[in-house]
Amino acid sequence: MRTIEIFDTTLRDGEQSPGVNISTNEKVEIALQLEKLGVNRMEAGFAAASPGDQKSVAEVAKRVKNATVVSLARAVKDDMDKAYEALRNAQNASLHVFLATSPIHRQFKLNMSKEEVLARAVEAVTYAKKYFTEVQFSAEDAARTEIDFLAEVVEAVIKAGATTVNIPDTVGYMTPYQYGNIFRELKKRVPSTDLIRLSCHCHDDLGMAVANSLAAVEGGATQVEGTINGIGERAGNAALEEVALALETRKDYYQATTKLNLKEIARTSQLVSRLTGMIVPGNKAVVGANAFAHESGIHQDGVLKEVTTYEIIRPESVGFKSNKLVLGKHSGRHAFKEKLVDLGYHLEQEEVNAAFAAFKVLCDKKKEITDDDILALVDSKMVRGPEAFQLESVQLAYGNISVPTASVRLVRADGSVCEEAACGNGSVDSIYKAIDRATGEEVSLVDYKILSVTHGQDALGEVFVRLQQDDLIVTGRGVSTDVLEASAIAYVRAVNKIMERRGEPTPVSATI
């Protein structure tokens, strides 16, 4: 039975989803959960893309102990130097260097010949080996590269010292048979691939990223790259939870499995969804709300008699459990801290204190506190560091024959207070117009979503907003038992992100 290694790129490729902006602290929290999930490698970012990215990579590198932390880099010395600086304190570090190899990229993007591409690839890997024991080389758009030339590049970079070679389907163009065959051909043409990791990286433009990844495993790949929930640029990446469950459930066929702690999948999926603002569809395989639901009477009858009649995966095997009551208003700080550890959080004492204070406020509003309530509450408090504005209060005058009017009171970072009021086309619109007046920011609301965290009239409401200002798109999230307050919190946080990132240089984007 082969063991397939898992390379997670949620923090790099996943963050390139439109509108997704994850703060450094949020990246660290996701990284620690990925470590708990058991991924072999995690790509913390693209250190040379921006100062913010370099800081995020460095922070993740400091905190993660049991997985290899990776930074992406172009085949450029300055990129590799910055990656080395960011990863200097990592327990286990690796560089992921990439260069396009396909005819269309050579002609229109690089303006380089085959010989020049080959020489640049070897030069980059050779330079990277000065810094890193473990170096991964990706042949960008490998799936559309001539197989003879691809084999030549793979052989050359292995000889130069690459310990992993990645064969990405950069634009999600391949079919499973075609993609698997690339790996079979490389194994046949380049014997030295037996000495290194052969990795696959699939995009989902035609909806075949997971199928292609599994085909690569059949063809000889020993590492699968992807993201949690399949998030990523355009249509996204291969969903790692689907790949892992497919290998585990059908190991009789694939004769391969991973070393992931599958019971951490649900928690990891929920954390990534909350912090990115990307809602998991109900019918999403493995982690969707309906993944284990049965509505058909025939199916229900079968499941009641014998679960395996219609369930090939048990919800408990991926970490879903009954939403039992866990804490209440009489629960103490110690019990609350133990619950946070049980739920996978890694918080400093100051952060525990802040979360506990918010928990006590919630207990006064809600009779029954569940795991999901605590997850939503703590995740919503993960905005750390100074914010330009904080919401102190929101009031609304509303009736079916009057124009909705909202007034908001915001506190600036320096402690000063600003109050504004506005009328709007509905309660939420009036709140947002009042916040615009108070902050002085001109933004466009691109998307607004509201979810119920749990059930019942006193359930927490979770609001996600997406705002745009010029070319900058950000997300904000708010949680409260009052959905209008949650809406205001989400909007203010998104405005803060815009103000924080407006002066930053535009990050370099990279699609492998």
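Note that Cβ sites are derived from N, Cα and C of the backbone, with glycine treated the same way.
According to Swiss-Prot, the feature domain 'Pyruvate carboxyltransferase' maps to 4-266, an assignment based on sequence analysis.
The Mn(2+) binding site feature in Swiss-Prot is assigned to ASP13, HIS201, HIS203, ASN237; the stated evidence is sequence analysis. Cβ-based neighbour count (10 Å, all protein chains) for HIS201 (Mn(2+) binding site) stands at 29.
Annotation source Swiss-Prot lists region 'Regulatory domain' at 390-512, citing sequence analysis.
For ASN237 (Mn(2+) binding site), the count of additional Cβ atoms within 10 Å of its Cβ stands at 32 [all protein chains shown]. In this view, ASP13 (Mn(2+) binding site) is surrounded by 25 other Cβ atoms within 10 Å of its Cβ, with every protein chain counted.
Applying DSSP to the region 'Regulatory domain' (390-512) sorts its residues as follows: 32 helix, 55 strand, 36 coil. Of the chain residues outside the Mn(2+) site list ASP13, HIS201, HIS203, ASN237, THR9, PRO168, THR170, CYS202, ASP204, ALA209, GLU225, GLY226, THR227, GLY232, GLU233, GLY236, ALA238, THR511, ILE512 have their Cβ within 8 Å of the site's Cβ mean position. Under a cutoff of 8 A between CB atoms, and with a sequence separation of 6+ in the same chain, the neighbours of HIS203 (Mn(2+) binding site) are PRO168, ASP169, THR170, VAL171, GLY172, ALA209, GLY232, GLU233, ARG234, ALA235, GLY236, ASN237, ALA238, THR511.
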